[in-house]
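Taken from TrEMBL as is:
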type     : residues  : note
DOMAIN   : B:28-497  : domain 'Cytochrome oxidase subunit I profile'
TRANSMEM : B:31-52   : transmembrane segment
TRANSMEM : B:72-94   : transmembrane segment
TRANSMEM : B:101-121 : transmembrane segment
TRANSMEM : B:141-166 : transmembrane segment
TRANSMEM : B:178-202 : transmembrane segment
TRANSMEM : B:234-251 : transmembrane segment
TRANSMEM : B:263-281 : transmembrane segment
TRANSMEM : B:297-317 : transmembrane segment
TRANSMEM : B:384-408 : transmembrane segment
TRANSMEM : B:420-444 : transmembrane segment
TRANSMEM : B:464-497 : transmembrane segment
TRANSMEM : B:530-552 : transmembrane segment
Amino acid sequence: MSAILPPSDRLWWKQPIDKVEWAWIAIAFVWGMVMFVMMIYWHIYGKQNLSNEAYKTTPEMFAAKAEKFIAENTIRTETDQNIPVVKVPAGGDGYLIARLWAWYPILELEKGQTYKIHLSSMDYNHGFSLQPVNINIQVIPGYEHVVKMTPTKAGTYAIVCNEYCGIGHHSMLGRIYVK
Amino acid sequence: MATTYRTCPVSGLQFEDQAEKLMRWNAVAGVLWLLVGGITALLVILTRWPAIKLLPADQFYLILTAHGIDMLILWILFFEMAVLYFASSTLLRCRLATPKIAWLGFWLMVVGGIMTNVAIFQGESSVMFTSYVPMQAAPHFYLGIILVAVGALLGTAVFFGTLVVAKKDKTYQGSLPLVTFGALTAAIIATFTILAGAGILLPTFFWSVGLIKEIDAQLYRMVWWGLGHSSQQINVAAHVSVWYLTAAVIFGAKPLSEKVSRFAFLLYILFLQLASAHHLLSDPGMSAEWKVLNTSYFMYFAVMASMIHGFTVPGAIEAAQRRKGYTNGLFEWLRKAPWGNPVFSGMFISLVSFGFLGGISGVVLGTEQINMLMHNTFYVPGHFHTTVVTGTTLAFMSITYLLVPVLFRREMILPKLCQIQPYLFGISMSVLGLVMMGAGTLGVSRRHWDMAFSGAPFQYEWPGAAYLMMGLTGIFGVIAVIGGGLWILLVVGSLLFGKKLDGGKVSNQPTPIPPSTQAASAVAHGSDHVGVPGTVVLALLLFVCFVLYYFVNWKYLSEVWLLS
């Protein structure tokens, strides 16, 4: 008779399903299909898709590439820590190192240009959280993620680390300039 | 084996002696862990409240790790063990299989839980609940969790064994009751979840003692979420079973359709493990095809299952109420429900909050591209405080108001406060979840000590609205802690000081469940069929909210930088 007793009808699987229940199941199913198609639609027509381009790497290999990029493209340094501000060539590759507890270096981009930003971590998991745009990407040691980005508005942007990475986690703040 | 069976004079439920003791000990252990988790919750809230910022950074990260482990693993797992024994031995009126192994499992979980907590409070294991490698905790942090998992696996095995005992002793005829079937799905999910957990925690333990050199950080995330997410699916299956149980006990409600409800439980088993992939949507190591496949075909079948339960649970209540004569308008059945009975009010708030807040936010969060707007923001804990807290924890709290009299044979003390508690806790926790999601939508990070970024080389000022949301998080968080604390007080107070109730007749033999009569069978065949128009309206309201919120987030996404 109730949900805490065996079904009163021994052949419960032969009972017909009510029309209203069928309708709700159909709605749930169709809605699932709509949500599935939306993701594919966005891959084809949408302009915000996370890149699939990623490579296995090591902290040493990635740091070497990033240092070369910084050495070739630095335009000035900022703050009393002399953090290099690196102008990423329009349409070119930029490197961003995540490490305890800094984003390195500062990148300078131009509005409307498309850049390939390479992300990797030197140590733990980190979280690339671009604010106030609010784009969030996981950064994992041993993986080089190449994300194509096109800034749509000029300004000064912050990179917050939003994956817990130890005691200095909350001081891990980076910067991107968009001219 | 000699054992006795007690028939509760109030509920008619039959408790086997060993199973009863195990249920009590597991439930009490769960409540004690909830107490520890609640104290840590208060400290976390008072630190994230920007106006207060109570703890220093190192203590905050330590306490936050303890909060996650004690709530998500220990409180819920212990209570779920009690639910499993109830759904098998009590509902099927049979003896518990191998009680000694069940006790072994219990003590393993106790020792493991204490071990992991010792590791955390020693200060060298502030690695959060997820413990992503290569950040390393002390070896006994992992070992404790492994012991808890082994203990839970033993309890699950005892549950399976008890089903076999009931079948062999013929204590029931026909199919399992729906609630037991739901518990069975929870136990099956628990089995492969714990195996996935063993697959990652054993190597991580060996790595922490130096036997393994390295664990791939991406691989860890993938396998770990096979544990981390699927374990939440155990909770869903368990608390949906508790919803059906409550509907049956309070209203005598029977499922609208056994077939539909059981099929929905089956979908959980088939699809949720794969949906764990939605935790990796913003990761570098997986392709878009892999992400879309795992979070759509697979996850949406599980979403469909939850939408079905979200319809059939209130539908069963509506049908039962209408049979009793509450047939006026769309909602007389709901208005005349026993809102003063905390077993019902807690269960219904749990149902609504889980559906409207936890369910919708979870699906939106699990959409491949939209995930980039929310990944690792405060939105994520906002989401799961409306699934695992207002969903699972509140359902467990409300069923406890039933268990204290029938299982512990004590009357609840302070009945007025018992009436208020589900509202106080359920509503404040729901609002808490909402404002946390609000803060996350504005970008605020989870697991973050300082919104002002002290010690950083630059400044970043969050929008004023983010500070407002975090302030509200503080206020509603404190109210929710008070609501949870009140529940602990009422339960522990009743166990110690509540009026003792008559235990009922004790027998050496189980009394089998009487076979259903021909008449009952005829009734079930639809001659008393009633429509459930009120539930249809509620379900459509849920659907409209779902669709609107889903597309609003695509709109937000279309406004950020271009990414490809």
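Just so you know, glycine gets a Cβ as well, placed from its N, Cα and C.
It should be emphasised that the depicted structure is a prediction, and the values quoted were computed from it without experimental measurement.
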Beyond the flanks of the transmembrane segment (B:72-94) by 6 or more, those residues with Cβ under 8 Å of it: 5, 13-16, 19, 22-24, 26-27, 29-31, 33-34, 36-37, 102, 105-106, 109, 113, 129, 145, 148, 152, 155-156, 158-159, 162-163, 165-166, 169, 171-172, 176-177, 179-180, 182-184, 186-187, 190, 231, 234-235, 238, 241-242, 388, 392-393, 396, 403, 510-513
Chain residues outside the transmembrane segment (B:464-497) and at least six past its termini with a C-beta under 8 angstroms from it: 28, 31, 34-35, 38, 41-42, 45-46, 48-52, 378, 393, 397, 400, 404, 408, 410-414, 417-418, 420-421, 424-426, 428-429, 431-432, 435-436, 438-439, 442-444, 451
Stretch with greatest number of CB pairs under 8 Å, the transmembrane segment (B:234-251) reference, B:31-52, B:101-121, B:178-202, B:297-317, B:420-444 candidates: B:178-202
Feature contact check the transmembrane segment (B:530-552) with the transmembrane segment (B:297-317), CB under 8 Å, 3 or more pairs: yes
Leading stretch by Cβ pairs under 8 Å, where the reference is the transmembrane segment (B:420-444) and the options are B:101-121, B:263-281, B:384-408, B:530-552: B:384-408
Contacting positions for the transmembrane segment (B:101-121) when only residues 6+ beyond its ends and CB under 8 Å are counted: 18, 22, 25-26, 29, 33, 36, 62, 65-66, 69-70, 73-74, 77-78, 81, 85, 137-138, 140-141, 143-155, 157-158
Beyond the flanks of the transmembrane segment (B:530-552) by at least 6 residues, Cβ under 8 Å: 256, 307, 310-311, 314-315, 318-319, 322-323, 330-331, 333-334, 355-356, 359-360, 363-364, 367
